[in-house]
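Have a look at the structure below, then the notes.
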Amino acid sequence: QVAAASGHSVVLVDQSDEILKKSTKGIEESLKRVTKKKFADKPEAGAEFIKKTLKNLTTSTDAASVVHSTDLVIEAIVENLEVKNELFKTLDKFAPEHTIFASNTSSLQITKMANATTRQDRFGGLHFFNPVPMMKLVEVIKTPMTSQKTFESLVDFSKAVGKSPVSCKDTPGFIVNRLLVPYMMEAVRLFERGDASKEDIDVAMKLGAGYPMGPFELLDYVGLDTSKYIIDGWHSLEPNNPLFAPSPLLNKLVEEKKLGKKTGEGFYKYK
């Protein structure tokens, strides 16, 4: 959406036409919300903006067939290294030499993905934040092999889609999640020890630190399975780092399929 809205030609690729229809409809709805604010007193200009943006967007279920005319590939599929590497290996065969590959992963190593291709120097991370149309930040990740030219192109692209890029090396969680995930885990440990209730911890962080959500609300919003997946991955990389220690309570909730907002219950219940 943000790439198409800023004048880029975008091909959105997914596994089925059904998913793509749903995605396109979602983008259209999101654009309507944006135009309501942006063009409040100019409905005609708003309608024109939506039309123009959607014109920049086409869809496909076959990534290999559309990648030959692409300058930048941004991968945002399931957080599974093997699945990502399979995709990158395939696309590497069909993409032109100049094409830059980027991953929107929040927790996996970019270097491991780059190594699945023959374009390690044209590979980096572009980590957007949810919801992307609202959030201004993009973390631009440079691996030891990423060329300066590639890095600058990724920074320029981030600015061109109206975001504020920050740069980070290929380190677990980059900047935001490297600070955020251990903070959320520490909140769970505080609660596990019985030092404070989850409600009070949430209120404390909202009113005391000015956070829009408390750590337990945030965990439920992100998904407890996603949070567990991240912390388990980091724990296997650095088993002796106490910040990355798993949580028995989090594991129990995930086992019980209480994954947060998406399942109707996590640390809190949702109607």
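We count from 1, first residue shown onward.
Keep in mind that glycine also has a Cβ here, set from the backbone N, Cα and C atoms.
Quick look at what TrEMBL annotates:
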type	residues	note
DOMAIN	1-171	domain '3-hydroxyacyl-CoA dehydrogenase NAD binding'
BINDING	SER30, LYS37, SER106	CoA binding site
SITE	HIS127	site 'Important for catalytic activity'
DOMAIN	173-270	domain '3-hydroxyacyl-CoA dehydrogenase C-terminal'
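Scoring each of the recorded positions (LYS37, HIS127) by how many neighbouring Cβ atoms lie within 10 Å, the top position goes to HIS127.
Confidence in the domain '3-hydroxyacyl-CoA dehydrogenase NAD binding' (1-171), given as mean pLDDT, stands at 96. For the binding site of CoA, formed by SER30, LYS37, SER106 according to the record, the largest Cα to Cα distance is 30 Å, rounded to a whole number. Minimal Cβ crowding within 10 Å, among the binding-site residues SER30, SER106, is found at SER30.
When the binding-site residues SER30, LYS37, SER106 are screened for a Cα within 10 A of the Cα of HIS127 (site 'Important for catalytic activity'), the ones that qualify are SER106. Residue counts for the domain '3-hydroxyacyl-CoA dehydrogenase C-terminal' (173-270) under DSSP, helix first, then strand, then coil, are 65 helix, 3 strand, 30 coil.
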